[in-house]
């Protein structure tokens, strides 16, 4: 399936997810407000870190090797068996740790014990959460795009239903519970879709962990773990800094901006994951890889730019309709954020090449360096330009990131014919 066909099919799931997220944004804006948004963002970053350490770090490797071994099902099953066993063991281990330290976690993340039981909900459902993402990775690697789309649609609908009901009834506490459990509920649908496939067997998911395969997966695990630390931790630190410097509400405005960016870029980012990563993993010849990268810049980059322009032009309407008038101060972020988002997609097209070809050292070093630079730039830009400096830092950082990884990747490609 080529890039255009995948984008069109994936577009159905993205359209539904976009609509559900817009509706959710409105509900959360009304029932949580800017300060609730900030707390929700902190917890979401915590979930990202824990789920990655608890097993989902392996998913990129599962996509890559499932796609790469498309002609050898025995090798695919060996990958799944090791991955499934790792996810099972680490999910249980982290669930146990969360239950033990729920009090300390609540105080650290929320500065109150009021939401302590949210961590119990998350710990109980963590195993299903991680197996849902593992099954999605297998579907992605197998290029079962229709099943993947249906699973993602189910996840979006469950997120809308569960979050809407709980947020309306229980406000922030309900939204936090919903964030903890909705992926696990979607697991039922994903499991059903996998179970109906001819190639799926439960016996392929569990067994002795193969050390050779684990070694092969380790590069991807390290890359995912570094991302799991850098991205959420940087957002937590920036959110804490904004709260201290400008007030908790301003951290909420920034969180709303991040969520809006995530939604309007979804068609591009999901296509990168659904089509681009498996496709680049299959390719060995440099000329073929360059052609695929060119297609990414031909179709996906202009789409991101066009989306940013539309969002910027309609920013006042978006704030009032998708959020509420109380979010008006986020208007100053739009120009810099949209420009930064375009640069982000431009750089991600190459970053996925690093992932697919296990350029571990380059990926990890650039991830760490540019996470630190984002934090530093946020401080400098906000001191010089006020609150909108947080989005200026986003623009500058992704501009530098794109330049640096372009230099090293193209230098690497020039030295080889096969990769």
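Just so it is clear, glycine is given a Cβ too, placed from its N, Cα and C backbone atoms.
The transmembrane segment annotation in TrEMBL covers 12-34, 46-66, 78-99, 119-139, 148-168, 174-196, 217-238, 258-278, 299-323, 335-355, 362-385, 391-410.
Within the chain carrying the transmembrane segment (78-99), a Cβ under 8 angstroms from the stretch's Cβ atoms is held by residues 50, 53-56, 58-59, 61-62, 65-66, 69, 105, 119-120, 122-124, 126-127, 129-131, 134, 138, 204-210, 213-214, 217, all 6 or more beyond its ends.
Listed by sequence, the residues of this chain that lie at least six past the ends of the transmembrane segment (299-323) yet keep a Cβ under 8 A from its Cβ atoms are 3-4, 7, 22, 25-26, 29, 256, 260, 264-265, 267-268, 271-272, 330-331, 334-335, 338-339, 341-342, 345-346, 349. Comparing 217-238, 258-278, 335-355, 362-385 for CB pairs under 8 angstroms to the transmembrane segment (391-410), the maximum falls on 335-355. Same-chain residues lying 6+ beyond the ends of the transmembrane segment (258-278) with a Cβ under 8 Å from its Cβ atoms: 1, 3, 6-7, 10-11, 13-14, 17-18, 21-22, 25, 37, 41, 60, 63-64, 66-67, 140-141, 143, 145, 148, 152, 235, 292, 296, 300, 303-304, 307-308, 310-311, 318, 322, 337, 341, 344-345, 348-349, 352, 355-356.
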